[in-house]
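All remarks here apply to the structure that follows.
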Amino acid sequence: MHPHRDPRGLWLLLPSLSLLLFEVARAGRAVVSCPAACLCASNILSCSKQQLPNVPHSLPSYTALLDLSHNNLSRLRAEWTPTRLTQLHSLLLSHNHLNFISSEAFSPVPNLRYLDLSSNQLRTLDEFLFSDLQVLEVLLLYNNHIMAVDRCAFDDMAQLQKLYLSQNQISRFPLELVKEGAKLPKLTLLDLSSNKLKNLPLPDLQKLPAWIKNGLYLHNNPLNCDCELYQLFSHWQYRQLSSVMDFQEDLYCMNSKKLHNVFNLSFLNCGEYKERAWEAHLGDTLIIKCDTKQQGMTKVWVTPSNERVLDEVTNGTVSVSKDGSLLFQQVQVEDGGVYTCYAMGETFNETLSVELKVHNFTLHGHHDTLNTAYTTLVGCILSVVLVLIYLYLTPCRCWCRGVEKPSSHQGDSLSSSMLSTTPNHDPMAGGDKDDGFDRRVAFLEPAGPGQGQNGKLKPGNTLPVPEATGKGQRRMSDPESVSSVFSDTPIVV
């Protein structure tokens, strides 16, 4: 007879068997999921230096770091991985032959924080290329062949902190990347060294806060030499910014196809850099920022009299705003002097001093300035109109001048005479003979009544009015005479 078996014992073994089978399945799945060309260690997959032409398939979904560097990858398509890798935070694709990246290639890795695309063959960065990487913090693109960067290539990357674009062929400075509060509000490092930048937006760079300029690397570029460039980098040197202090010898510019160090432009006769003071007028409202090299620092302001500036205005016109700036309301002359900002951070402390000069007068309002400008403009327009009228609308007397009528002898001028074109007589001829020529002597009469010789007044003198002569005789002051002589000497005609 067979012994009787209690079915309750079998039911007690089922949970243990199920747990054992689950552990075996999980262990087997982990072993099977690791690609043959990769080395797997927990959630790290290293597939580097395997000469892979494509990304391995069946990547584990729990992968946190994927190293595909030093392979033969040439294109990164949208379907490069069929598995959505939501836990992947680091992707290394350096030292491949990548020349194309799909705009949807990063959709399967939305939580990526570190992306290395350096040492490839990328030539352009198209719009919205990295828009799916909204939490990316570090992006390496150095040592490619990038010539063009689309203005929208880095849209929707509000968490990006470090961007490496050195050793490319970029010729346009991407100003949209460094404007405070623009596309990349947390960007603290932008490496544009060893490119083909010639011109920089110098006025815009001067306005950038120190924490951005501290990580803006521009060395090894063929910049155009000028004094404004020298002033810019001299200010950065004065502030001890890392982007200048770490690469002083590599900051050069081009002039006449020759390289010159930016800090040695004596041939341009650039003036020595001096830190400028803040200037204000009576009654102005002024904000002075504590321009630190790091963000998120605690700031304390001290007045020229070594008194701490409070957050709220108590006595006086100065206070500290919420962002640590010095706020002046209704500036007074006694507010002038040197103010000191003490900035304290977790790993870094900084001390800044700024000088304020207050002019003892007020500026004109905007309406006065506009009125003055309007008056000047109207005056200039009227002047131009008058000049045009004078040049083109002045009446010409010759147009309306009729046939000249002979005037009376009373209207003739008696202060000129005509030199006759009759041939000269022989002065050596004797006797009273005239040799067929009339000889007449004309005396110049005074120009007006009461004038004598040389314009001297002779009271009581009057001018005789000559009688009418024959019709064919030429008048003494004919306007058509060849010449007129103003002299008291008798002229033989």
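Even glycines carry a Cβ here, placed using N, Cα and C.
A quick note: this is a predicted structure, and the numbers were derived from the prediction, not measured.
Swiss-Prot lists 408-424 with the feature compositional bias 'Polar residues'.
Look at Swiss-Prot and you will find 221-272 tagged as domain 'LRRCT'. Here the domain 'LRRCT' (221-272) is broken down by DSSP into helix, strand and coil counts: 19 helix, 10 strand, 23 coil.
Sequence annotations record features per position, and here Swiss-Prot assigns N-linked glycosylation site to Asn72 (among others). Asn72 (N-linked glycosylation site) counts 11 other C-beta atoms within 10 Å of its own C-beta, drawing on all protein chains shown.
The N-linked glycosylation site annotation in Swiss-Prot covers Asn264 (among others).
Swiss-Prot lists Asn315 (among others) with the feature N-linked glycosylation site, giving sequence analysis as the kind of evidence.
In the shown protein chains, 13 other C-beta atoms lie within 10 A of the C-beta of Asn349 (N-linked glycosylation site). Residues or ranges marked as N-linked glycosylation site in Swiss-Prot: Asn349 (among others).
For the recorded site, Asn360 (N-linked glycosylation site), the DSSP three-state label reads coil. Among the features that Swiss-Prot reports, N-linked glycosylation site is placed at Asn360 (among others), with the record citing sequence analysis.
The repeat 'LRR 1' feature in Swiss-Prot is assigned to 62-83. Over the repeat 'LRR 1' (62-83), the average per-residue pLDDT in this prediction is 95.
For 87-108, the entry in Swiss-Prot reads repeat 'LRR 2'.
Annotation source Swiss-Prot lists repeat 'LRR 3' at 111-132. Long-range neighbours of the repeat 'LRR 3' (111-132) within the same chain, counting only residues 6 or more positions beyond its ends whose Cβ lies under 8 Å from a Cβ of the stretch, are 69, 86-99, 101, 103-104, 138-157, 164.
What Swiss-Prot records for 135-156 is repeat 'LRR 4'.
Look at Swiss-Prot and you will find 159-179 tagged as repeat 'LRR 5'. Beyond the ends of the repeat 'LRR 5' (159-179), by six or more residues, the same chain brings 118, 134-149, 151, 186-201, 204, 208, 212, 215-217 to within a C-beta distance below 8 angstroms of the stretch.
DSSP labels the residues of the repeat 'LRR 6' (186-206) in these numbers: 5 helix, 3 strand, 13 coil. Per Swiss-Prot, repeat 'LRR 6' is recorded for 186-206.
Feature annotation from Swiss-Prot assigns topological domain 'Cytoplasmic' to 394-493; the stated evidence is sequence analysis.
Summarised by DSSP class, the composition of the repeat 'LRR 1' (62-83) is 0 helix, 5 strand, 17 coil.
Sequence-distant contacts of the repeat 'LRR 2' (87-108) (same chain, six or more residues past either end, CB-CB distance under 8 Å): 43, 48, 61-78, 80-81, 114-123, 126, 128-133, 140. With a threshold of 8 Å between CB atoms, the same-chain residues lying at least 6 positions outside the repeat 'LRR 6' (186-206) that come near it are 142, 158-175, 177-179, 212-224, 228-229, 232, 235, 247, 250, 254, 295. In space, Asn349 is the closest of the glycosylation sites Asn72, Asn264, Asn349 to Asn360 (N-linked glycosylation site), judged by Cα positions. Of all Cβ atoms in the protein chains displayed, 9 besides its own lie within 10 Å of the Cβ of Asn264 (N-linked glycosylation site).
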